[in-house]
């Protein structure tokens with residue numbers, strides 16, 4: 001039987017691999033010769049193909065996400081009286097559909113940002129999701145947000161202002177950076193829906209269903225472009241969907257067996273570091289000094305707050 005230390009080591013390796021695979025998303029978005037709608041469709045389609053067989057495993061057929069990240073908001077403060085009158089299954093379908101729509105918006109805007117502004121600005125723009133989550137929760141919770149969350153938001157916002165290419169909307173890099181922010185906003189909204197309304201469900205099944213919704217939404221926009229995709233781009237799409245989506249989600253769920261969500265989130269926050277480093281090596285995309293400083297401020301703010309919650313108890317007993 002594996003020892004406690006070996007299980008912990010495997011979980012830490014898994015979560016670092018998750019951060020690396022997430023970071024590779026922007027890299028692959030640069031390599032794939034297709035428009036953002038087609039890339040998003042291909043990613044979702046391959047993710048569905050990779051996640052569906054996992055649901056046939058007995059251990060995953062009825063598993064529920066007992067260690068999912070929970071929102072800091074009290075459930076009773078959410079005004080969803082109209083939803084509460086619907087049967088539970090219809091509510092689940094509705095919230096899954098909403099999260100799938102938000103996931104589609106998140107991916108399309110992210111890949112648009114990658115194509116226009118490059119990997120560094122796109123990835124760091126997406127990192128704004130931490131601040132957006134705090135803002136959304138503040139609206140829902142009517143001000144019940146911790147000081148640490150506000151400090152994180154201040155640090156992230158300062159970093160975003162610092163790394164903004166210019167305040168001229170006609171500037172291409174600024175437009176691409178704004179798309180990265182839109183990607184972060186849509187991801188934050190999806191995260192709130194997931195944590196508040198879908199956290200108790202089977203995470204693999206929810207991920208499969210969300211990707212299925214994305215694929216169905218994007219199919220009409222991607223259909224005419226699919227025949228023109230090269231073999232190499234199809235290969236990268238498969239890597240994007242199977243490894244960076246299906247495998248990464250499965251590894252994240254696996255890591256939570258030994259790590260608490262706070263510690264897992266601490267490592268995943270390193271995603272921009274991996275992405276920028278790989279883009280630097282592969283594409284010679286050397287970030288400007290202000291981009292690096294802004295990125296350090298963003299990542300440092302996220303890591304600092306999460307480290308405070310993870311340092312004392314980061315291992316699941």
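Keep in mind that glycine also has a Cβ here, set from the backbone N, Cα and C atoms.
Between the stretches 149-168, 289-308, TrEMBL puts its transmembrane segment entry on 289-308. Of all ranges given (59-79, 206-226), TrEMBL attaches the label transmembrane segment to 206-226. Nonlocal intrachain contacts for the transmembrane segment (116-138), taken as residues 6+ away from its ends with a CB within less than 8 angstroms of a stretch CB, comprise 23, 26-27, 29-30, 71-73, 110, 144-145, 149-150, 152-153, 156-157, 159-160, 163, 165, 172-173, 175-181, 183-185, 187-189, 191-192, 269, 271-272, 275-276, 278-279, 283, 285, 287, 291, 294-295, 298-299, 301-302.
According to DSSP, the domain 'EamA' (175-305) comprises 110 helix, 1 strand, 20 coil. Sequence-remote contacts of a segment are chain residues at least 6 beyond its ends whose Cβ falls under 8 Å from one of its Cβ atoms, and for the transmembrane segment (92-110) they are 25-26, 29, 36-37, 39-40, 43-44, 83, 86, 122, 126, 179-180, 182-183, 186-187, 189-190, 193-194, 197-198, 201, 206, 209-214, 217-218.
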